[in-house]
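Trainee: Would you mind keeping the following structure in view while I ask a few things?
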Amino acid sequence: MTEQPFSEGHDNEGLIGEESANGELSDAEVVRDISIADHCHSLLLLQNKDRRAERRLLAVAGLSTLFIVAEFTGGVLAHSLAIMTDAGHMLSDLLSFIISIVAIRIARSPANRRLSFGFHRAEVLGATVSIVIIWILTTVLIMLAIQRIVNNDLDVDSNTMIITASAGVVFNLIMGMVLKCSRHSHSHGIAHSQTTTYITGWRLADPICTFLFSIIVLITSVTVIRDIFFVLMEGTPSHIDYGELQSDLMRVDGVRTVHSLNVWSLNTDKTALAVHLAIDDQSKAIETMKAANRLIRFKHGIHLATVQVEPYESLMASCDFCRPLF
């Protein structure tokens, strides 16, 4: 994003531009308004993107609900645990969509004295709940698959399975187009496995596929748990290059050293930052702070930043707390 000139004051006049026909500001209008006030109102751009994301998530959540019901019904009629396991996999996606929608709406609630950062981490709490639900569901399906093998209850309706799996491929393509991103089609493997069952008559294919797709669900949930771990541990987000950020701040005009640089996630897509910049010329403190904020915001995409400018002291070069992290 091209850096915009900023005014010196915090005049809010004209901050909120004319709304478009759908009641939202275009990105260009928001950026124009941000250039009028070098202040936290840059978060308007994030809010505008959140509204568009919410509409896409609502559409996909509605489609997912319909397909989960259809796929689970098809699994029951076909007597196929593999189909029902894929429905469980889709349920995990649906839960993540719902959590994201709820988190976007809750995040709009104003911060208070008790929750000074607001409600951004509601998404993390919701994701934890969804993981627990998915693990319980997956465990139940695995136990049912084992029970079928023990009881030799392996007969399935291959035609119904193929129809349901084919519908799943079509649905995943539609969902990918709605989200406008490349998405893994969960039902491809099921379509192939059900064709194998139909052609070879291998009766163990269904419970084995149940085990395989259960493993896929668990692997998927492990990546979510990893993200939750780093958010709760206030780790540096994976999309932020800590070393590059630190070097960029060191190159800000007038900065002698950078210390206490902390970058952490409020949730999976909102990042906060706090940093101390030591300078020689205190008369340029405001100018240095604004330059650093623009760098942090526009180059590194961090909109929640606290920059403290302080006098440089020679002891900072040998202070353990002021040394850069590697």
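For all residues, glycine too, the Cβ spot is worked out from N, Cα and C.
Where the annotation comes from TrEMBL, it is an automatic prediction and has not been curated.
Pulled these from TrEMBL:
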- 58-188: domain 'Cation efflux protein transmembrane' (DOMAIN)
- 237-312: domain 'Cation efflux protein cytoplasmic' (DOMAIN)
- 57-81: transmembrane segment (TRANSMEM)
- 124-146: transmembrane segment (TRANSMEM)
- 158-179: transmembrane segment (TRANSMEM)
- 211-233: transmembrane segment (TRANSMEM)
Trainee: Determine the mean pLDDT over the domain 'Cation efflux protein cytoplasmic' (237-312), rounding to the nearest whole number.
Mentor: 93
Trainee: Do you know the DSSP helix, strand and coil residue counts for the domain 'Cation efflux protein transmembrane' (58-188)?
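Mentor: The composition, in the requested order, is 101 helix, 0 strand, 30 coil.
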Trainee: Go ahead and report the DSSP secondary structure tallies for the domain 'Cation efflux protein cytoplasmic' (237-312): helix first, then strand, then coil.
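Mentor: Counting residues by DSSP class gives 27 helix, 28 strand, 21 coil.
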